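Undergrad: Below is a structure I'd like to ask you about.
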Amino acid sequence: MMMKFLFMMFFMIPLCFNLNMYWMVQMMMFLMMFMFMNMTLNIESYCNLSYMYSFDILSYGLILLSIWICILMIMASENLYKMNYYINLFLFNMVFLLIMLFMTFSVMNLFMFYLFFEGSLIPTLMLIIGWGYQPERIQAGLYLLFYTLFVSLPLLLGIFFIFNKMDYMMIYFLKFFNFDMYLLYFSMIMAFLVKMPMYFVHLWLPKAHVEAPVSGSMILAGIMLKLGGYGLIRVMILIQELGLKFNIIWISISLVGGFYVSLKCFCQVDIKSLIAYSSVAHMSMVIGGIMTMNYWGFIGSYILMIGHGLCSSGMFCLANINYERLHSRSLYINKGMMNFMPSMSLWWFLILSSNMSAPPSLNLMGEISLINSLMSWSWVSMLMLMLISFFSAGYSLYLYSYTQHGKFYSGIYSFYTGVSREYLLLMLHWLPLNILVLKIDYVMIWF
């Protein structure tokens, strides 16, 4: 069952190198998306099992998100198509990345998961270095590479150690075992915490976002950060016992770091940088939810991961739309946009309101679950949760009012509204984010 999607993606590769097939690749992805949506999903357990692939509700949602974000990335990068800037390689990169992500979320084998988890780094790196905007993108790429690789080797050793002890690596069966080993705990968990990224190891993220093209930012915010959360949920089963001792460390760092990063958002002058830091703040709550190891925490982190994937991606699209008009991402120049692109203000408002967890977005649902989870774990966390939620609304409002209101820079000529492709792009971000709440029962009943 899962193999057909893999073959479909492999057969999309020759399509990438064909002339004038830019939108065709996107249409094929749409087709794949709807085929995948119509697959039978068993909520209680793994379904569509084979020797290597299967998915449960967790993988299902994240694979859907991956395909969807890849579709929207192609739509957002029309500028490359107009300039004919290595467009075939770009499409190939997209499809390759999608294959990697699809495999990461659907394989059962722990080693295979590691392989594709690290493999998805390569096309992202290519995107940043090949299509980025400034010469500093090389440095950003190196940051991304070294932060990730430095902690992923211990993860590999940990996986080999488990294989040596157990003689198999199926994720599903490992739930019957509990390893009480300190080094194993840290080696298994650190790679995912850097990928999330947790505060203290988050410095690669704003750098990578600022240098990446719009497609790179969308995939980074939309999917790459979710790989960490997915991995954590999967391996947390192995190390529950030590989790009870040590998880307090990660929760504390995340909550305090989330608050600090929220304050840092107010100091940013680069729009993309602000959005990147807001991602760190949101992901800190996800880490907190997973680390409490209770039911509310798991479902909350899952919902917030999907909500944040759509929302953050949408914000990077908006930042890019401004960048294409003004050729600057500085908040000092992107002012008074309401006069310049009046109808775009609505989309800024809608997507930023979802970012501050206004109903009916998935973010609200996720944050309610996470607050439930963290409060049941310890009521002291209430203090930081209050501050994070408050400042989350704060920087969203700050970004909105700073970009939309005020006197616009006189160097901009007249006004220039968005094109229909951009409005469609933003609608395809915002609509699933707010409509999926109606089907929240699929997510709330898991195990």
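Sequential numbering from 1, following the chain as shown.
Placed from the backbone N, Cα and C atoms, the Cβ positions cover glycine too.
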Undergrad: Name the residue range among 111-133, 341-363 that TrEMBL annotates as transmembrane segment.
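TA: TrEMBL lists transmembrane segment for residues 111-133.
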Undergrad: Pick from 4-24, 382-402: which range has transmembrane segment per TrEMBL?
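TA: Checked against TrEMBL: transmembrane segment maps to 382-402.
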Undergrad: Please tell me whether the transmembrane segment (302-323) and the transmembrane segment (245-263) touch - that is, whether there are at least 3 C-beta pairs under 8 Å between them, with each pair 6 or more apart in sequence.
TA: no
Undergrad: Six or more residues out from either end of the transmembrane segment (217-239), which same-chain residues have a Cβ under 8 Å from its Cβ atoms?
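TA: For the transmembrane segment (217-239), the nonlocal Cβ contacts are 58-59, 62, 65-66, 69-70, 72-73, 76, 97, 101, 104-105, 113, 117, 120, 124, 127, 162, 171, 174-175, 177-179, 184-185, 188-189, 191-197, 205, 208-209, 272, 275-276, 279, 283, 286-287, 290-291, 293, 298, 301-302, 305-306, 308-310, 312-313, 315-317, 319-320.
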Undergrad: What average pLDDT is reported by the model for the domain 'NADH:ubiquinone oxidoreductase chain 4 N-terminal' (2-104)?
TA: 93
Undergrad: Please identify the stretch among 52-74, 86-105, 275-296, 423-445 with the greatest number of Cβ pairs below 8 Å relative to the transmembrane segment (382-402).
TA: 275-296
Undergrad: Give the nonlocal contacts of the transmembrane segment (245-263) in its own chain as ranges (CB under 8 Å, at least six residues past its ends).
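TA: For the transmembrane segment (245-263), the nonlocal Cβ contacts are 185, 189, 193, 198-200, 202, 277-278, 280-282, 284-285, 287-288, 291-293, 374, 377, 381, 384-385, 387-388, 391-392, 394-395.
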Undergrad: Report, as numbers and ranges, which residues of the same chain sit near the transmembrane segment (423-445): CB under 8 Å and 6 or more residues beyond its ends.
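TA: Contacts with the transmembrane segment (423-445): 41, 43, 57, 61, 68, 71-72, 75-76, 299, 302-303, 306-307, 310-311, 313-314, 317-318, 343, 347, 350-351, 354, 359-365.
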Undergrad: Per DSSP, what is the helix/strand/coil residue tally across the domain 'NADH:ubiquinone oxidoreductase chain 4 N-terminal' (2-104)?
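TA: The breakdown for the domain 'NADH:ubiquinone oxidoreductase chain 4 N-terminal' (2-104) reads 74 helix, 3 strand, 26 coil.
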